[in-house]
Amino acid sequence: MLTMEKNGSVSSTQDPSVPQCSRGSSSELRYGSLVNSVSSLTLNAAEAPAVSPAVSPAVSPRRAYVAIAVLCYINLLNYMERYTIAGVLSDIQTFFSINDSTAGLLQTVFICSFLVLAPLFGYLGDRYNRKHIMIGGLSVWLLTAAGSSFVTKSQFWLLVFLRALVGVGEASYSTVAPTIIGDLFSGGQRSIMICVFYIFIPVGSGLGYITGAGSATLTGDWHWALRITPIMGTVGLILLVFLCPNPPRGAAETHGGGVTVQSSYMEDVKYLLENKSYVWSSLGVTALAFLTGALAFWLPTFLFRAHITQGLRPPCNGNACNSQDSYIFGAVTVATGILGGALGTSLSRRFVDKFPHADPLICAVGMLGSVPCLFIVIFVASASIPATYVFIFLGELLLSLNWAVLADILLYVVIPTRRATAEALQITVGHLLGDAGSPYLLGVISDAICSSSPGTHYWKFQSLKYSLIICPFVGILGGVFFLITTRYITEDRKAVQRLVEDLPPQTDPIPHSSFELSNKRTE
């Protein structure tokens, strides 16, 4: 039974026959080895049907699917914008005459602003209108992304500043959008929708390379590469305003009614830190972010230098660089993103009922399996470009198993009213220790190695190759984190299910109270 402590009075306008209390059970509600409490958890649910629907009753199925299409389209544009710079990085380095470490700053400042603001938007996303938050953030993103395409040769630091502001818009969207999907769908249908949403991360990344390089090639000016996504983003903003709902938090689990919570930000953070599945999977996400961020930013340039070293391609001539590697790498990223995301979700749906710890195990296999592929990519590039692309494909395919599965893990080990905060903290830690610094770190290592023999194309390739060696070791570390997650995932998921699903019937309206879930059983 639940133990209840009165802290005042709250009025309730719900029908007395409708359950109106904290969800709990007589079982112990633990996260790892720590008991969690949820203060002031109040349900606003209509009478629940016998079978939980796949789509939240708060929104019609047609509108829910339209909303998913809009959210996926904007997610596609977010990641196109993020990696357009990487598709024309050689052109930008030539245009501004900058070295590898300075070029790496373009990605680092973007990620830094992204991670600094993510906790703020997570806090707001758990308490205020999520649709309005996304609209405001997307508007900032469109303006700053478009502005960055007009910088001149003497304004490199203005480009760096505008890239940092682009992160403001993406922080608002990335922390809030997955929680809306979690409130629109439930069960296996939610896993599918999350898979579709997260497939657009690698698809958008790949298209960013392709559209960036293609625009630069067609126009002869890399600035046009930064103007494509703002144009497409304007359409996305209009669609978001008119077609995306703001469902009640927890609507999918409470059959349309939603869940409201009154808690401080520090209480939310404490709850998450006591959730061991969340903590260890977030560390795994951090390793994955470090790995994918470094590879996504530097591999096209690495392959371009490998071609030069083998005499297969001339160096950059003036402001124009050969963009073929960006096209191929972008196509590989799109293909592996779709295949890997679908495969990861399929494996999850097939095995999770038989093996409750299957999801983090799939992520561990993806991370550890990519390690030998990455070693081969790094050391074979100087001898065989086709073989290098084969193992890039295999490595990216294995890494792409993780994205949708990781998002699903967060949604089912965290209660609905704290999911935006959980997304935000995971983004902050993941980017702070992951891809915020990895492009810059690799650039610094590459420059330090290259300084021993500056001016030769062969040594530029070798220095970048040696800096990339750090990536496989980070992949091993991430795999270990996911293996540790398997120890706690089953217990943590059941705890949330008990919290959200086990509604003790109430016959009288509930007075103004807060409820503390305890592991102590009462008579």
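Using N, Cα and C of the backbone, Cβ positions are placed for all residues, glycine too.
The domain 'Major facilitator superfamily (MFS) profile' annotation in TrEMBL covers 67-490.
According to TrEMBL, the region 'Disordered' annotation covers 1-27 (among others).
The region 'Disordered' annotation in TrEMBL covers 504-523 (among others).
The feature transmembrane segment is assigned by TrEMBL to 64-85 (among others).
For 105-125 (among others), the entry in TrEMBL reads transmembrane segment.
The transmembrane segment annotation in TrEMBL covers 132-150 (among others).
Away from its own ends, the transmembrane segment (156-180) comes close to residues 67, 71, 74-75, 78, 81-82, 85, 96, 98, 105-107, 109-118, 120-122, 125, 130, 133-134, 136-142, 144-145, 147-148, 194, 197, 244-247, 249, 407, 410-411, 416, 419-420, 423-424, 427 of its chain (Cβ-Cβ under 8 Å, at least six residues beyond either end). Per TrEMBL, transmembrane segment is recorded for 156-180 (among others).
The feature transmembrane segment is assigned by TrEMBL to 192-212 (among others). Here the transmembrane segment (192-212) has long-range neighbours at 68, 71-72, 75-88, 177-178, 181-182, 184-185, 222, 225-226, 228-229, 296, 300, 326-327, 329-338, 340-342, 344-345, 396, 400, 403-404, 407-408, 411, meaning same-chain residues at least 6 beyond its ends whose C-beta is under 8 angstroms from one of its own.
Annotation comment: TrEMBL describes 224-244 (among others) as transmembrane segment.
Taken from TrEMBL, the feature transmembrane segment covers 278-299 (among others).
According to TrEMBL, the feature transmembrane segment maps to 327-348 (among others).
Cβ atoms under 8 Å from those of the transmembrane segment (360-383) belong to residues 277, 280-281, 284, 287-288, 291, 295, 299, 302-303, 306, 309-310, 340, 344, 347-348, 351, 391-392, 394-396, 398-402, 405-406, 409, 461, 465, 468-469, 471-472, 475-476, 478-480, 482-483, 485-486, 489 of the same chain, restricted to positions at least 6 beyond its ends. According to TrEMBL, the transmembrane segment annotation covers 360-383 (among others).
The feature transmembrane segment is assigned by TrEMBL to 389-415 (among others).
Feature annotation from TrEMBL assigns transmembrane segment to 427-446 (among others).
Under the heading transmembrane segment, TrEMBL lists 466-489 (among others).
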